[in-house]
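Peer 1: Sharing a structure below in structure tokens format, with a few things to ask.
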Amino acid sequence: MEKVREIVREGRRVGKEDPRRVVHAFKVGLALALVSSFYYYQPLYDNFGVNAMWAVMTVVVVFEFSVGATLGKGINRAVATLVAGGLGIGAHHLASLSGTTVEPILLAIFVFVQAALSTFVRFFPRVKARYDYGVLIFILTFALISVSGFREDEILDLAHKRLSTVIMGGVSCVLISIFVCPVWAGQDLHSLLASNFDTLAHFLQEFGDEYFEATEDGDIKEVEKRRRNLERYKSVLNSKSNEEALANFAKWEPRHGQFRFRHPWKQYLAVGALLRQCAYRIDALNSNINSDMQIPMDIKKKLEEPLRRMGSESGKSMKEVSISLKKMTKPSSFDIHVVNSQSACKTLSTLLKSGILNDVEPLQMISLMTTVSLLIDIVNLTEKISESVHELASAAKFKNKTKPSKSDSGSIVRAMPNKSHDDDDDDDHHVVTILGDVDTSNNVDQSHGEISVDSCHHVAIKIDDDDSIHEKHEDGDHIHVHTSRVSCEHTNASDLLDSGVKKN
């Protein structure tokens, strides 16, 4: 009884993790019940006979969890059966012309050659990814048709019945998979990518509290719970195989929802690869935080403000992408958070060059610079992720986050050079003004240089060549947000380490 209860508990757990699994089980049962009518209904059994078992076998091996996986396997099986059946009939006919003595020898040679060649082709990466099952069925069907034909006079009738039952079983699987509570691999891949962004964003936003706040001994249980929550990023490290499988299945799926037939699934894999690189840095960062070599809090506090901002702004940018992916809209403030994180990176570099860490012990310096280096890598990776996400949004034709009101025929975008108000300053400034009758909420935190934009309308952005972030001012009906483009892509750990120790 105890084992039965354990099985029941396990079944409930599996069902609660993904209720679609329960629905899938019922769908497979329905498909098998339908194709079993070849045995139960006498006229169908008289027509197909024992070959009806191929319809049942097709349902068992073809019906997969998602529509793409089922459709891919179904097409592979149908095409492989058709081609192998035709070649098998041709091989049997060619061997029969050589006489009864040579016929079995030729059939054995044909089976050997096709099996050897087909098995070798299965090692090709592209074939392995999409057509491996089809090649396997091709080997099986060719051998069965060829060998059976040696003892079967009506080989054409045998091939016809076998192909018909396979197609009927495959069509039953595909129709039930598409029209009865469909599970789309493309949607799962899209949701997985959004979830991975959200997971990494959670760690980066909580990094400052974890790294700079001391924990009392009485809060050990709460700390362990918090750390387990932060270590959710580890699921991203092992997501490659799942992403590649879902992308492969998604390529077989017809258009559904906002996913077109030729949706840019390869770009999802490119973004996912960058996310995994970021997750590896986060894993190293987390290991460094929890290492035995702990840096005194008073030393950490010297770099607290820029390090907090680097983690927080990188986390906010990924959170913005996660929300945009879920809504399938183009991220509006993602680039602003990237610029803010780069600004914090430059502030950190300036702070280190000032000699603020001159009195730090060498071992403590190495540990601190490891944290700094990993955060800089994450900031630079965030910029690369930004570019990749924009490519994905453009290729997938994501919608803009906000739409102009009905009274507007469309948004008007102006881009022009503008001279500074200071006559002594000859630098050119570029002002981009987006006109539209839409409510806008803009917040600028001048003390931290943080800018959040909730709408892409009524916004004018002035980009200067200097390294400062300027104030916001209003000009008529337009809101001007002055910011600067900062990059830390050339900053690395060795530069910062030299900056921190050169005055020692």
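A Cβ is built for glycine as well, from the same backbone N, Cα and C atoms used for every other residue.
Given the structure is predicted, the values throughout are model-derived calculations rather than measurements.
The annotation region 'Disordered' is assigned in TrEMBL to 398-428. Taken from TrEMBL, the feature transmembrane segment covers 21-40, 52-71, 105-124, 131-151, 163-185.
Provide an account of the burial state, proximal residues and distances for the features listed.
Peer 2: Long-range contacts of the transmembrane segment (21-40) within the same chain: residues 14-15, 48, 52, 55-56, 58-60, 63, 65, 165, 168-169, 172-173, 176-177, 180-181, 183, each at least 6 residues beyond the stretch ends and with a Cβ under 8 Å from a Cβ of the stretch.
Sequence-distant neighbours of the transmembrane segment (52-71) (same chain, 6+ residues past either end, Cβ-Cβ under 8 Å): 20-21, 24, 27-28, 31-32, 35-36, 38-39, 44-45, 77, 162, 165-166, 168-170, 172-174, 176-178, 182-186, 188, 246, 248-254, 256.
Listed as Cβ neighbours of the transmembrane segment (105-124) (distance under 8 Å, sequence separation of 6 or more from its ends, same chain) are residues 87, 91-92, 94-95, 98, 132, 135-136, 138-139, 142-143, 146-147, 150.
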